[in-house]
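Working notes, structure below.
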Amino acid sequence: MKLKQLLQNIDYDLIKGDININIEGISYNSKKVKQNYVFVSIKGARFDGHDFIKEAAQNGAAAVIIDEDFHDSIENTTLVKVKNSKVALACLCNLFYEEPSRELNLVGVTGTNGKTTVIHYIRDMLEAFGNSTGTIGTLGYELKDKEINVEKINPTTPEALELNQILRDFIDKGAKNAVMEVTSSALMKHRVDYCSFKVGVFTNLSQDHLDEHGTIENYKNEKIKLFKMCPVGVINLDDNIAGEIIEKGTCEFFTYGVLTNADLTASDMVYKPNSVSFNVHYKGISSKVKVNVPGEFTVYNVLAAIGSLLCLGIDFESILKLVSSIKPVLGRLETINNPLNKNIIIDYAHTPDSLEKLLIMAREMTNGRIITVFGCGGDRDKSKRGLMGMAVGILSDYCIITSDNPRHEKPEDIIRDIERGMQTINSSYEKITDRRCAIKRGIEILKEEDILIIAGKGHEDYQIIGDNKVHFDDREVVNELLG
């Protein structure tokens, strides 16, 4: 494809060279550049692509995209300046891979909590309906039975290059639908620009990622961007910012909720240790459904999934038959079966709100104690640590504060931040920095009717310590300890 074709939808200045050259690939990593590639210089948190332009040229880049002045000389390489390299990357990748999102029923799910669960519920129901569906999110990307098994990705919403590659791969393998998590970071960094979403979904909003966004207002506004990129938005009307999304979004809206007069509602919930059943109501039709996943948030996640399928044109009565196909999601309310019949749940909850909801649900499941093992990630929103400590301290009978992914912080410093929240409500807790030892301690003090909640990492099979990923899997540790 000609560089001129790839640049057709953005404003640019040709600094030098020829835009009628053939482009055979795109990269924003200078080390991955090959002959006749275009290298897009992106400024990240730790590295600036403009510092690697010479390396990209030496590796064969036919063209380089920049968004700031570049004064060094590079021979035989076209140089193009744009306003924003991240926007340019999304534009170029969309065209280079022939606008893959337009060939799919693409559903984007945003919100603080529930994104991973909702995309898998939507996938489970669409697959049961006979529609091959790919997923992209925290657990990786996957297209079941189509030679694309779970492939890990980082971050949750891939960079525009990888995203368009994955979508094109889905299409080549026969997918008709794709469901993806759309993070606030991805929206802010233009990773999903030029994506053609059929449906956008909003789950909820609570404090998270303030290290990146600065304020909850900025965080919220990034989420709202999705509803200017799709024809219809499926939103949780019970959430505090639902009205603002409707006011600021430019799409049509379909609402769901329990507490409000939404388009799709639920009532008469019956919560059991391993399931929830409830009546679902839509346009005068009511039906009882049961899902083999417990908790109030399961009701909301199921409603979000049902609403998404309705907006994709599937009729309500057909959808009701698909609800039973919903399966538990890895690391989300995951019960660890064990020979000693200990009540142990592993969950990804890592915000004050998600921990609160998890522990409220756990209280409904037991007459015994709730013992919670948890920590907070390093190099992330420090302001939520005390709030998480307070939530766990109030709703647990005993807490063990430990390490999560400390990254470049000292685990002891993170634990102290959590501890300050616990001290405000005089909770019972102890501190064990080593996560394996903390889990071991939790199991040791667990009595017959107690529940042990191991929170924060869920599906993750690693700890990030400094710049290194060290293998660590909560479920493996539990199984080893219980032997």
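Cβ from N, Cα, C; glycine included.
Among ARG332, ARG363, ARG369, ARG380, the residue that Swiss-Prot places alongside ASP404, ASN405, PRO406, ARG407, GLY456, GLU460 at the meso-2,6-diaminopimelate binding site is ARG380.
Of all the binding-site residues in the list ARG380, ASP404, ASN405, GLY456, the shortest Cα-Cα distance to THR116 (ATP binding site) is found for GLY456. Here the motif 'Meso-diaminopimelate recognition motif' (404-407) returns a mean pLDDT of 96 for the predicted model. Residues GLY111, THR112, ASN113, GLY114, LYS115, THR116, THR117 make up the record's ATP site, and a Cβ search at 8 Å around their centroid adds VAL109, VAL118, GLU181, THR203, ASN204, ASN301 from the same chain.
In this view, the densest Cβ surroundings among the binding-site residues THR112, THR117 belong to THR117, judged by other Cβ atoms lying within 10 Å. Secondary structure at THR116 (ATP binding site), taken from DSSP and collapsed to helix, strand or coil, is helix.
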